Amino acid sequence: MKDSRGKRRCLAFLKGLRLKTDPNLPGAKQKTPFNISRFWLLVIIVIYTATSACIYFDWSAIRNLLLTVGKYKHLNVGDYPDITLSPQYKRINSLYPITLAIHFTMSVFCGFLYDHIGPKFTAIIGQMCNIMSWVFLSIDSTTVDTTFLSFVFLGLGADTAFIPILTISNLYPDASTFILTVVGAAASLSYAVPATLNFICRRYPSTPFPYICYGYIFLILVPCLLVATFLLPLMPFKGLDYYIERDQSRRSGAEGDAHRGRRGDPKMVTSQTNDEVDVEMQPFENAQSEASKGRSGNGSNTPSTRGNTPNGGKQTRGKTTSESNRSSKGEGSAIQGVEEEDQATNSSKGVNEEDSDFHRKSISLFFKVLLSYPSICIIVYFILFNISTVFYGMVTDTYFSYDRSIINIINILMPISCIPCIIFGRFINRYGSAIIIILMNAFSALMHLTALIKHRAAGLVSAFLYMCVTSIYTSQIYCFIQNSFPSVVFGKLLGFASLCGGLFSLLCEKLYDQIVSKDGASIDPTNVVLLLVIAFILMFLPLTVLYFRKYERSIEDLHQEVAMSQSSGRA
């Protein structure tokens, strides 16, 4: 009896995880370039991402490729029994934190470009940087450090080509966070690119490395550039919060008109200009009940223009809000950004006026959001997470010097990390990303501790945890930001979080110097690992607060709430 009950509960849980998307939602019907269906656009973007995203995140494979083709070999003055102690190895390893720092520093500029000039031109800039990167890598020179220049451009192009495609998630408004992790899973597949090129170099040693580089440029990067040019929109697709705000504003306006009609009062009861912005960080737990009362309680009230003028139109002077419905206890959403949009016109004058106002408002809102608790907490977490992951990638050869086969297993696991990424994405779409962030915090500590145990079983556990951590490397941050903050500042906030993570990753080079003995004969990462583990343990407290205060909205619960409110409105 108990077994059958448990089985039914398990089946009910699995059925609850089944994802259904509604193609009739307003966001799903947005116009796409060449009217391509949202499904085929997603397929093309997945291929685009899998072949040209952050390929250097599997640093072990990149390092092996550079060693195979002899980059920096001229730095070695003799033979080294342990390659990890050679100047060539150290120089190649130093490229990782530098590239990551450039990558994430560029992210903040990419975020502004995404929000203000749109995904198309941002992605074009990114792919041009990627092409330049491989052009420089194909050049073998000892007078000019072309390898360093190559990784500079690789860092510049990584997020600049990747972040713009995240706008595809807005075409799936009831599954947006899951789509973000699907794209993140495709990025995990891109980890196979350096391993594949390394295999080609080893299999066909007579093939000059520049030929391989140009083959990658013309077969992969040029088609990706064409995708960015023709299939990405000029302005980001509008998010779910835009349509919720518009619908609730209209219903609130209709209710207000009816109320005034009964009282015979032709004037507005209350109005608020678009210049007044109130940003209030509060838990999301009461947002849905507020939404059902007619207030915009979707967790990010600012219209999801993501850089475009709201609805491309002109706002009316008397924009009403439902502030009167706010309870005295301060119930609210994660971000109370009071900005709304009304009737659209096609006049270019209206668009230009709104453009000017939008940029000023968006930047002002960004700085207010930046100082909120969830923003600070998630940025601090990402800094620690980034340092941990980069350091692990730099010392894999040291961790597993007793069994090199584990490193080969890591190279295999990295591309297939797309599988746990999709699984995590499904849970994020249903339960929010905060719980997954807490899980990744635990995994990050455990992967270092198990790596210190010189045993094959512990090493395999560490490799598996590393795969899980890297599978959702930045997707966890993307999803939290999308669920918790106004989508109008998505690019800027994401870019700033990446900037902080990237700059602090430069500490990894100093940490690596600390674990090398003074005579350069041995490497012991134990002290640094213990420091990282203590930091992760301390991080559990603010992350737990973040989870229980419910700063982020559940996409699926919100969609159900919207559907109910729309049906009641029609009734």
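Just so you know, glycine gets a Cβ as well, placed from its N, Cα and C.
Its Cβ placed at the centre, Asn35 (N-linked glycosylation site) has 6 other Cβ atoms within 10 Å. Here Swiss-Prot flags Asn35 (among others) as N-linked glycosylation site.
If you look up Swiss-Prot, you'll see Asn298 (among others) marked as N-linked glycosylation site.
According to Swiss-Prot, the N-linked glycosylation site annotation covers Asn325 (among others).
According to Swiss-Prot, the feature N-linked glycosylation site maps to Asn346 (among others).
Secondary structure at Asn386 (N-linked glycosylation site), as computed by DSSP, is helix. In the shown protein chains, 27 other C-beta atoms lie within 10 A of the C-beta of Asn386 (N-linked glycosylation site). The N-linked glycosylation site annotation in Swiss-Prot covers Asn386 (among others), and the record cites sequence analysis as its basis.
Taken from Swiss-Prot, the feature transmembrane segment covers 39-59 (among others), and the record attributes it to sequence analysis.
If you look up Swiss-Prot, you'll see 94-114 (among others) marked as transmembrane segment, on the strength of sequence analysis.
According to Swiss-Prot, the transmembrane segment annotation covers 117-137 (among others).
Counting only same-chain residues 6+ beyond the ends of the transmembrane segment (148-168), those with a CB under 8 A from a CB of the stretch are 38, 41-42, 45, 48-49, 52-56, 95, 98-107, 110-111, 113-114, 118-120, 122-123, 125-130, 132-134, 136-137, 179-180, 183, 187, 224, 228, 232-233, 236-237, 306, 478, 491, 494-495, 498. As annotated by Swiss-Prot, transmembrane segment applies to 148-168 (among others), with the evidence given as sequence analysis.
For the transmembrane segment (177-197), same-chain residues at least 6 beyond its ends with a Cβ under 8 Å from one of its own Cβ atoms are 19, 42, 45-47, 49-58, 61-62, 64-65, 162, 165-166, 168-169, 171, 212, 216, 411, 414-419, 421-422, 424-426, 428-429, 433, 470-475, 478-479, 482-483, 555. Summarising the annotation, Swiss-Prot assigns transmembrane segment to 177-197 (among others) and lists sequence analysis as the type of evidence.
Per Swiss-Prot, transmembrane segment is recorded for 217-237 (among others). Within the same chain, residues 27, 30, 32-34, 36, 41, 44-45, 48, 51-52, 114-115, 118-121, 123-124, 126-128, 130-131, 134-135, 161, 164-165, 167-168, 170-171, 305-308 sit at least 6 positions outside the transmembrane segment (217-237) and bring their C-beta atoms closer than 8 Å to a C-beta of that stretch.
What Swiss-Prot lists as transmembrane segment is 365-385 (among others), and the listing cites sequence analysis.
Summarising the annotation, Swiss-Prot assigns transmembrane segment to 405-425 (among others).
Residues annotated as transmembrane segment in Swiss-Prot, with sequence analysis given as evidence: 433-453 (among others). Listed as Cβ neighbours of the transmembrane segment (433-453) (distance under 8 Å, sequence separation of 6 or more from its ends, same chain) are residues 177, 378, 381, 384-385, 388-389, 392, 399-400, 424, 427, 459, 461-462, 465-466, 468-469, 472, 476, 479-480, 483, 525-526, 529, 532-533, 536-537, 539-540, 543-544, 546-547, 551-552.
What Swiss-Prot records for 461-481 (among others) is transmembrane segment, and it gives sequence analysis as the kind of evidence.
The transmembrane segment feature in Swiss-Prot is assigned to 488-508 (among others).
For the transmembrane segment (405-425), the partner stretch with the highest count of Cβ pairs under 8 angstroms, out of 39-59, 94-114, 117-137, 528-548, is 39-59.
Against the transmembrane segment (488-508), stretch 94-114 has more CB pairs under 8 A than any other of 39-59, 94-114, 117-137, 365-385, 528-548. The stretch from 94-114, 365-385, 528-548 that makes the most Cβ contacts under 8 Å with the transmembrane segment (39-59) is 94-114. Cα-Cα distance from Asn386 (N-linked glycosylation site) to Asn35 (N-linked glycosylation site): 39 Å (rounded to the nearest whole number). Asn35 (N-linked glycosylation site) falls within a helical segment according to DSSP.
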